[in-house]
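A.B. asks: According to TrEMBL, the record shows the following:
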type     : residues : note
DOMAIN   : 491-597  : domain 'TMC'
TRANSMEM : 201-228  : transmembrane segment
TRANSMEM : 296-318  : transmembrane segment
TRANSMEM : 382-405  : transmembrane segment
TRANSMEM : 417-437  : transmembrane segment
TRANSMEM : 508-526  : transmembrane segment
TRANSMEM : 553-578  : transmembrane segment
TRANSMEM : 599-621  : transmembrane segment
TRANSMEM : 669-689  : transmembrane segment
């Protein structure tokens with residue numbers, strides 16, 4: 001009614017936009033608080049009914065006390081004392097018209113013009129001069145009144161001869177931070193991808209960048225403490241085989257006796273004169289200052305690499321969960337007002353994103369709508385789902401049996417080319433199955449006809465993950481049982497490292513073939529033959545699973561091939577540029593609804609628990625239970641790899657009896673299995689409490705959303721009460 005509209009129009013929130021003087025006075029007070037907060041009198045000294053800022057500046061909203069121009073000039077004066085970023089932020093948040101903001105900006109520009117001209121007279125002309133100014137400013141901590149020697153600056157009489165204020169230092173620091181941000185690897189490329197295809201496709205390349213960081217850390221650690229010391233003190237002669245191009249595919253031949261594999265590394269203490277002296281002769285009396293135990297360095301470098309990677313992964317999972325807490329699928333209003341990805345700028349991607357949002361809205365409507373199915377329809381749907389899963393699991397079992405058959409019936413031939421072909425046969429079969437089975441799973445998904453596209457995505461990821469996990473478990477069991485194709489003079493650890501190298505190379509080759517035939521050739525067929533404007537979609541889930549599979553191979557082989565992270569780094573670098581080029585030229589955004597926060601959380605979780613945890617269990621069993629080779633490697637002649645640490649502790653106790661406490665710590669803490677169980681329980685408790693915290697945050701978010709809805713109902717209730725009160729007064 002008109003009475004209710006009059007009451008609503010008299011509310012403070014409706015009148016603040018009309019009184020321009022009140023707005024200018026309010027923001028004048030804000031800028032004064034930013035400028036000199038410490039100079040203000042405390043609030044206890046002022047009357048509670050008065051606004052401290054207005055009383056200090058003698059400003060009121062009444063035009064009789066101060067005109068609009070006075071308030072505007074005072075606001076401009078206060079804005080001049082702020083930095084450019086703070087001034088822009090204040091003007092951006094002011095609820096005034098654009099014309100008023102332009103007026104304030106023009107006034108600021110006129111006032112700042114003479115100040116900038118004055119500053120340009122004494123400003124150093126070279127970057128070296130500016131660096132000298134800031135170094136002197138930081139070292140002394142106050143303004144200098146004398147001109148430093150070597151600075152070519154001209155001071156005008158009307159300008160202040162002082163050096164830049166701390167605000168200038170802050171501006172320089174912000175510029176350096178922006179330069180560091182732009183200096184990040186692939187900064188412009190990632191912005192270009194996000195602008196054309198959105199944050200969902202960007203999540204794949206960010207995940208690839210994360211894997212590159214993990215491999216770089218592992219490679220740097222192993223290079224510094226294992227590879228470089230062994231390269232400085234080589235103990236094995238040169239490789240007897242000449243280098244050919246086949247070694248790049250098989251990893252055998254010339255690479256067998258190299259720093260790439262486990263068998264090359266020695267079990268001696270480097271820089272020890274006793275090991276270098278001939279047998280029967282006495283050791284020199286003067287011992288060197290630095291002794292380097294290669295087995296211990298090998299074991300601790302691999303262990304520390306896994307430990308730090310575990311910490312980084314747990315931190316990444318926790319951060320990703322925290323970021324995705326508030327981004328869960330909510331009511332329809334959240335999808336309508338908050339679902340747009342503002343990084344998308346290309347017309348085709350914008351159209352696809354519109355279709356994605358429409359699909360999500362339809363999905364939410366279907367979920368809210370009660371679907372009436374008869375019993376026969378429900379039974380038919382569940383039978384189809386059961387048969388699809390039976391076929392999927394049966395195909396996974398068939399793939400595992402095929403891999404087992406090929407690994408058991410492979411025999412090394414007599415010819416050189418025949419040997420190389422047999423070595424590449426098993427990686428070829430595994431990579432072929434990994435490339436073909438996802439298409440079968442897509443056919444099963446079409447037969448299932450799931451209502452929710454998100455459910456289709458999760459089902460496809462689950463089936464592909466089961467396939468890769470089953471094949472890797474089978475291969476790991478064969479490697480631990482030493483059922484590998486290997487010659488008698490080679491270490492079985494070296495043969496395992498060569499197998500993992502071949503699997504990585506073959507996986508990269510199949511990725512290139514899939515990119516060429518599945519994206520480039522298919523795009524040409526669609527454009528030239530079928531005469532359509534559609535392009536192949538970029539399958540985010542399958543590409544990310546391929547990255548996780550390759551990273552799992554790297555973690556499995558880091559004990560048997562210390563330089564395998566370098567191979568993975570080279571593979572990831574090539575994949576980034578190849579995938580980026582193919583994406584820009586051949587692909588379009590996926591039509592399935594993707595939420596970048598949820599997908600990133602799921603990807604990093606899959607990388608942590610099935611992938612990294614499986615590799616850690618594999619290496620733990622190898623170190624504690626499997627006997628190493630007796631003729632080669634840093635742990636030759638030992639029952640297990642773990643015995644090397646125990647032997648080192650005994651040698652340390654004999655050489656220096658004053659540190660027997662270290663032996664006690666090793667015996668009662670490290671060798672005691674109770675400590676491992678306690679640490680495992682503590683880790684599980686931390687994970688449990690973290691999960692409960694995330695659930696609590698989600699519950700609080702739901703309560704806040706409900707409170708917001710109730711506040712809207714309160715407003716409606718108050719309006720009805722106001723209307724009824726007006727009716728009563730009228731009668």
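Please read every residue number as a count from 1 along the shown chain.
A Cβ is built for glycine as well, from the same backbone N, Cα and C atoms used for every other residue.
Tell me about the setting of these features in this model.
C.D. replies: Within the same chain, residues 210, 214, 217-218, 221-222, 225-226, 229, 265, 555, 558-559, 562, 601, 604-605, 607-608, 612, 615-616, 619, 623, 634-635, 641, 644-645, 648, 690 sit at least 6 positions outside the transmembrane segment (296-318) and bring their C-beta atoms closer than 8 Å to a C-beta of that stretch.
Tertiary proximity for the transmembrane segment (382-405) is limited to same-chain residues at least six positions away from its ends with a CB under 8 Å from its CB atoms, namely 426, 429-430, 433, 437, 440-441, 444-445, 447-449, 463, 466-467, 470-471, 474-475, 478.
Remote same-chain partners of the transmembrane segment (417-437), defined as residues 6 or more beyond its termini with a Cβ less than 8 Å from a stretch Cβ, comprise 246, 249-250, 252, 395-396, 399, 402-403, 406-407, 410-411, 464, 467-468, 471, 475, 485, 498-499, 502-503, 505-507, 509-510, 513-514, 546, 549.
Same-chain residues lying 6+ beyond the ends of the transmembrane segment (599-621) with a Cβ under 8 Å from its Cβ atoms: 200, 203, 206-207, 210-211, 302, 306, 309-310, 313-314, 316-317, 320-321, 323-324, 461, 465, 469, 472-473, 476, 480, 540, 544-545, 548, 551-552, 555-556, 558-559.
Long-range contacts of the transmembrane segment (669-689) within the same chain, counting only residues at least 6 positions beyond its ends with a Cβ under 8 Å from a Cβ of the stretch, are 645-646.
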A.B. asks: With a Cβ cut-off under 8 Å, give me the same-chain residues at least six positions beyond the ends of the transmembrane segment (201-228) that come close to it.
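C.D. replies: Contacts with the transmembrane segment (201-228): 185-186, 189-190, 193-194, 259, 265, 294, 297-298, 300-302, 304-305, 308-309, 312-313, 316, 343, 538, 540, 543-544, 547, 551, 554, 558, 562-563, 565-566, 568-569, 572-573, 575-576, 579-580, 583, 589-590, 594, 596, 599-600, 603-604, 607.
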